[in-house]
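Remarks on the structure that follows.
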């Protein structure tokens, strides 16, 4: 049978031809199409594959859903309603080649404008007639009837065989109508008989009569019914975005054709074809694969290949923007270029490949060269990592004005974006954690400053600074709180004041004034641009130090309870608590006269600790075996350890539960968001039930200074200290300013990392200005200085991570960004200040539970740092090492060297912080890490630092090209090169390498790296 070239109906059903070269199909140049879609906003596709099935009497009766795709393939199992686990579609190479051949000779209908399925069926049949695939009127009419048969979906709670076995063409009401009788086939060649010609427009434009084809199912009474909402798979539809459109692949094995062919249909406007898809969607593509019945298995494999191509991110763009059959062939060529073949001897085809946790995005695939060849030119962007807004300026307050201008447009949305359950969970979580941190810090600060500043002062400082910072800062995700380095600084200042007999609070007030002035100068002269010299090396050192401090303090505090609640290892030995207060004869007569003969000190034989202290104060001596014997409290310490461990493991388990396979996504998300709150409530309830004397969270019940007799809420500037203390205060103020600047800006750099995908503008200068104001307020009120707390800020950010809600079956939720708003930090600060009014509830929380939360925060922060991954590599054989990008480009010995330098820097900071005599040098050591990173430019090449760290400012190497071997690694473009027409991987013969030879002389080739 002689076949014509494929029909290609363009807009308005006019044929379009293309003169492009077949060998150029892999590199198409396409413009936005008149469908209304561009390459960047094509909708997601739900693709369904249906197979034609017969009834018991042998007639074609219904379409049965066999498989479906959103991103991964799902196959309908034999059990009614059960789908296979989503898996990566493994395609046969022969099916891919067969599909390409069918498209090259098949029927391509683009921009069809049907009104319903009947109209679409007639269009498809007429196109097959025009292509001389069908030459019999009865066959054409029968195919049109077949296309109108009902579709049975796998999720429907009914047996397809029982329901459809009695369905025949006549029972479906598919009777021939006068408008569809074809008296003579339409032929487009010159030899055809045109006496009774029926052209495609004539057939297509004919209106179907009421008796043409019934598209809706009929019940037993013969009345037509339309699909209701319950007939659709609403559960699956909730996983898809609202813009999702449908595609149907119909496998049609029939006995009245002898050859295989394909009809590829794209609709001009997506319409709802009632009952065709299992989801209530508008259909955009219809693909009909028709062939002899004996080729059903081959057609099924071809259909799976077609469905996989349509759901591919890049190929879907080709399908939406194609103008002719040549563009559809380009879609096939691109898919084949990106396809890898698995050798048959190295895997079992019956095994379904699990969806990968991470796969290459569409942008990464598009930026790659279509083919990787040995000896290709690779380009690496060695430009500095700094934010373009962080530039030195001679204009005073230029950076501050720019930050305010950038933040103002986002200010309303900072309050409106918080309407979510996740924001409430983050607020409660952050409140409990910060309150515990403030209370614990207040206790240590009270001991270090003789209670001039203690828990009450810390609560007020957290509330005031938190409210001001949350309302006006440039990065409200930051959290101001007490930090270990600031505690060290406060202790040193108190010791200096005691040694020189200077009033502590007044001297500290002038230190705060000088800190405000210095930070104000930093803001005025735009010195926050120095932040660009803080690379990942310094970030990881400082952040991991703070995380380790959290872990160390949590473990230290829980084991410190052993002294307060000792364990009796000799439970079988009777305890003798005899303890007497002994006086000499003269003292006894004196105290008998003063205290009386019935005095407690004179007559008791079991003095407690308070009585022992009173005895020694009265001049007596304590004597007896029970004087030094501790008071044992059974089970308290061991139960505290259990509370600590269970809290930690509940938090970790519920956080990891987000990625598990149990329960729906919404439930897993809620459990993950409220993991800390759930752990605290469960462990507190367990502690309350057992009635053990465990240490509880203690919050002040009255709003007054800890030492109301010695101080008020407003500290005077003058009166208690000599005038010379005012200029002297600038010396500790300089050290404090360095520490505050480094602590604040390192935390800000960590929060503003590009991997967090923040969308709102940054504000380093504005942050420092607001912080200087809070420092001044806290100094005037005699409150501790609160700065950015790295671990708490990371905890805040992690609690506000946004994961994709509309995910395809089998696809892991994707990280989409952070819920950027001010409300959670603002409410946390307000609740902290109001804590004094609900101390009764907070007193039920055991301190070991909060220590477990501290442990969880430290571990969570440490696990997300690159230094932690590189430390694990030291103990890992090479064959078991994960596929980190830097391991592909940097020798493992160089990676270990970089990690070793970081560990030494980290250990040095921890040692200096821990030794009280030299702890004042801790801020300088943090600053020294930036200079250590500068010296590392002499040890490592810029390419190695590109993969392991960031490029420091001042390195003007730009983009470097060099020859390399084949590797499956993508190096993303910089933002400045998005509109550059130059390819990242130009042909070797078109590239002049001379300008780059001097630049790349210190870069090793991939072969050297491999050695």
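A Cβ is built for glycine as well, from the same backbone N, Cα and C atoms used for every other residue.
Any TrEMBL annotation is an automated prediction that lacks curation.
Taken straight from TrEMBL:
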REGION    1-27  region 'Disordered'
COMPBIAS  12-27  compositional bias 'Basic and acidic residues'
DOMAIN    44-349  domain 'Band 3 cytoplasmic'
REGION    187-230  region 'Disordered'
DOMAIN    395-952  domain 'Bicarbonate transporter-like transmembrane'
TRANSMEM  428-447  transmembrane segment
TRANSMEM  454-472  transmembrane segment
TRANSMEM  509-529  transmembrane segment
TRANSMEM  541-559  transmembrane segment
TRANSMEM  636-655  transmembrane segment
TRANSMEM  667-686  transmembrane segment
TRANSMEM  723-742  transmembrane segment
TRANSMEM  762-779  transmembrane segment
TRANSMEM  785-804  transmembrane segment
TRANSMEM  825-845  transmembrane segment
| field | Stretch with greatest number of CB pairs under 8 Å, the transmembrane segment (509-529) reference, 541-559, 723-742, 762-779, 785-804, 825-845 candidates | value | 762-779
| message | Under 8 angstroms for C-beta pairs, at least 3 of them, ignoring pairs fewer than 6 apart in sequence. Is the transmembrane segment (785-804) in contact with the transmembrane segment (454-472) by that rule? | response | yes
| message | If we skip the immediate neighbours and take only residues 6+ beyond the ends of the transmembrane segment (825-845), which ones have a Cβ under 8 Å from one of its Cβ atoms? | response | 427, 430-432, 434-435, 438, 456, 459-460, 462-467, 469-471, 476-479, 680, 684, 687-688, 696-703, 796
| Does the transmembrane segment (454-472) make contact with the transmembrane segment (762-779) through 3 or more Cβ pairs under 8 Å, each pair 6 or more apart in sequence? | yes
